[in-house]
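Participant: The following feature annotations were taken from Swiss-Prot:
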- Asp13: active site, proton acceptor (ACT_SITE)
- His41: active site, proton donor (ACT_SITE)
- 12-18, 40-42, Arg304, 330-332, 412-414: GTP binding site (BINDING)
- Asp13, Glu14, Gly15, Lys16, Asn38, Ala39, Gly40, His41, Thr128, Arg142, Gln223, Thr238, Arg302: IMP binding site (BINDING)
- Asp13, Gly40: Mg(2+) binding site (BINDING)
- Thr298, Thr299, Thr300, Gly301, Arg302, Pro303, Arg304: substrate binding site (BINDING)
Amino acid sequence: MSSVVVVGTQWGDEGKGKITDFLSENAEVIARYQGGNNAGHTIVFNGEKYKLHLIPSGIFYKDKICVIGNGMVVDPKALVAELKYLHDRGISTDNLRISNRAHVILPYHLKLDELEEERKGANKIGTTKKGIGPAYMDKAARVGIRIVDLLDREVFEEKLARNLQEKNVLFEKVYGVEGFKLEDILDEYYEYGQQIAKYVCDTSVVLNNALDEGRRVLFEGAQGVMLDIDQGTYPFVTSSNPVAGGVTIGAGVGPTKIKHVVGVAKAYTTRVGDGPFPTELHDEIGDRIREVGREYGTTTGRPRRVGWFDSVVVRHARRVSGITDLSLNSIDVLTGIETLKICVAYRYKGKVIEEFPASLKVLAECEPIYEELPGWSEDITGVKSLDELPVNARHYVERISQLTGIPLSIFSVGPDRSQTNVVRSVYA
C-alpha cells in the first residue's frame with residue numbers, strides 16, 4: 001500500500017494541479033476528497049493547456065482510475081460541461097468514478113451564494129459564487145440532495161419539492177427576489193444525472209480495494225490549509241476540509257491508510273479573495289511577481305494578492321496536516337529580484353509570536369518579521385537538480401525547508417511538467 005495526499009500549504013493556487021499531474025504518472029488511482037468546481041487547476045498535457053474544476057487531473061491517463069469522492073459537492077451541470085470539454089478534445093473519461101454519496105449543487109445554491117455575498121457588502125468573504133457554501137450548509141443541516149438521490153427521479157422530485165418550499169420562503173421574504181419552480185430544475189437536473197449515471201458507484205469500495213491490493217493511490221486536495229474551515233483564517237475560508245485529515249472523511253478511507261502527505265507551496269505567497277494576509281506586497285515587487293507568475297485565478301480570472309513567503313503559515317500547515325514532504329513551486333518567478341524576504345515570525349504588540357493566531361483581529365495587527373536573502377539573476381528554468389541552481393537560489397530553497405521543518409522532495413522552476421524536479425521520491 002502506498003498512498004500520498006497532496007495538500008496546499010497556503011491559501012490555494014500553490015500549483016497542486018501540476019504536482020498532482022506530475023505524481024499521477026506513478027499513481028494508479030487519483031481521488032479528490034473535498035470542494036467542488038470552486039477549485040481550478042491548469043494542466044499542460046502533450047503541449048496542450050487544460051483547465052479542470054471538478055475532475056481529477058489524472059483523467060488524461062486512460063489506465064488510471066479517477067475518483068470524485070463523497071466529500072465533494074458536485075454541480076451536475078458543470079460536471080456534464082467539463083466531460084464535454086474533455087470529450088471534444090479527444091480525452092476519454094471512461095476511467096472516472098463518482099461517489100453516490102457526494103452532495104449535489106443545485107441552482108438555488110448558486111443563487112443563495114450570490115445573494116448572501118451581496119448582502120454582506122464590505123464584510124463579504126470573497127466566494128467564487130459557485131454554490132459551494134450553501135451546498136455544504138444543506139449537507140450539515142441534513143437536507144442535502146446526494147448523487148444517489150439525483151439518479152432516482154421519484155426521490156429527487158420529493159426532496160427537491162421539499163427544499164424549494166423552504167428556499168423559496170427565504171428568497172421571497174429575506175432577499176426579496178423570486179424563487180424557483182420545481183419544473184425549472186427537475187427535468188434538466190435529472191437528465192444531467194442520467195448523463196453521469198454510468199460513472200456513479202460507492203467510491204470508498206474502489207479506493208479501499210485499491211489500497212488493500214497495494215496499488216498507488218494519490219489524493220488530490222483543493223484550495224489550501226489556510227482555507228480549511230477548521231484550521232484556516234475563519235471565516236475567510238472554504239466550507240470543507242482541505243487538510244490531509246479531510247481524506248479520511250471525504251474519500252471514505254481510514255487514517256491508517258495514509259502514508260505520505262506532500263505539502264505544496266509557492267516560493268512566495270498568494271491569496272484570492274478577502275481576509276488578512278500578513279506578508280502582502282503593495283509595491284512594484286508585488287506587481288512584478290503577479291505579472292511574471294501570471295497570478296490570476298483559474299476559476300474567476302481575479303488578480304491574486306501577492307506577498308513574501310510566510311514560514312509561519314507553512315509551519316501551521318505542516319502541523320495540522322502532518323506534512324512529510326515539501327514541494328516548492330514557482331522558484332523561477334523570483335529570478336531578478338535583488339533582495340528576497342522570508343517571514344520567520346510575527347510581532348504583535350511588541351511580542352514575537354511563531355504560531356499562527358486564531359484571532360483575525362490579532363492577525364490583522366501582526367507585523368511580519370523578515371529574514372533577508374540575496375536574490376539571483378541567472379535563468380533557472382532549465383535546471384534539473386538542486387546542484388544546478390545558482391548558490392543564492394539553492395540557499396533560498398534550503399532556508400525555506402529549514403524554517404518550515406519540512407524536507408524538500410520536489411521543486412519546480414517553471415509551469416511545464418518537465419520543469420518539475422524530484423529530490424526524493426514521495427512514494428518510497
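Any Cβ shown, glycine's included, is placed from N, Cα and C.
Remember, it's a predicted structure, so these values are computed and weren't measured experimentally.
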Participant: By CA distance, which of the recorded positions (Asp13, His41, Gly301, Pro303, Arg304) lies nearest to Thr128 (IMP binding site)?
Facilitator: Gly301
Participant: Closest of the recorded positions to Lys18 (GTP binding site), Cα to Cα, picking from Asn38, His41, Gln223, Arg302, Pro303?
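Facilitator: Nearest in space to Lys18 (GTP binding site), counting only the recorded positions, is His41.
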Participant: Within 10 Å of the Cβ of Thr300 (substrate binding site), how many other Cβ atoms can be counted across all chains shown?
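Facilitator: I get 17 for this one.
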Participant: Which recorded positions from the set Gly12, Asp13, Pro303, Ile331, Val413 come within 10 angstroms of Gln223 (IMP binding site), judged by C-alpha positions?
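Facilitator: Near Gln223 (IMP binding site) by Cα: Gly12, Asp13.
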Participant: If the IMP binders are Asp13, Glu14, Gly15, Lys16, Asn38, Ala39, Gly40, His41, Thr128, Arg142, Gln223, Thr238, Arg302 per the record, what's the largest distance between their Cα atoms, in Å?
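Facilitator: With Asp13, Glu14, Gly15, Lys16, Asn38, Ala39, Gly40, His41, Thr128, Arg142, Gln223, Thr238, Arg302 as the binding residues for IMP, the largest Cα distance is 34 Å.
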Participant: Measuring CA to CA, name the entry from the recorded positions Asp13, Asn38, Gly40, Ile331, Val413 that ends up nearest Arg304 (substrate binding site).
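Facilitator: Out of the listed candidates, the nearest Cα belongs to Asp13.
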Participant: Run through the Cβ atoms and count how many others sit within 10 Å of the one on Gly301 (substrate binding site).
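Facilitator: So the Cβ neighbour count for Gly301 (substrate binding site) comes to 8.
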Participant: Using Cα-Cα distances with a 10 Å cut-off, which of the recorded positions His41, Arg302, Pro303, Val413 are near Asp13 (active site, proton acceptor)?
Facilitator: His41
Participant: Restricting to the recorded positions Gly15, Asn38, Gly40, His41, Ile331, Val413, which ones have a CA within 10 Å of the CA of Thr300 (substrate binding site)?
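Facilitator: So the list reads Asn38, Gly40.
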Participant: Could you give the Cα-Cα distance between the residue listed as 'active site, proton donor' and Val413 (GTP binding site), in whole Å?
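Facilitator: Counting only the Cα atoms, the answer is 18 Å.
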Participant: Neighbour count, 10 Å Cβ-Cβ cut-off, for Pro303 (substrate binding site): what number do you get?
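Facilitator: Other Cβ atoms within 10 Å of Pro303 (substrate binding site): 14.
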Participant: What whole-number Å value do you get for the CA-CA distance of Gly15 (GTP binding site) and Gly40 (IMP binding site)?
Facilitator: 10
Participant: Same chain only, sequence gap of 6 or more: which residues have a CB within under 8 Å of the CB of Gly12 (GTP binding site)?
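Facilitator: Spatial neighbours, sequence-distant, of Gly12 (GTP binding site): Ala39, Ala222, Gln223, Gly224, Met226, Leu227, Pro242, Arg271, Val272.
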Participant: If H, G and I count as helix, E and B as strand, and all else as coil, what does DSSP give for the residue listed as 'active site, proton donor'?
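Facilitator: Where the residue listed as 'active site, proton donor' sits, the three-state DSSP reduction gives strand.
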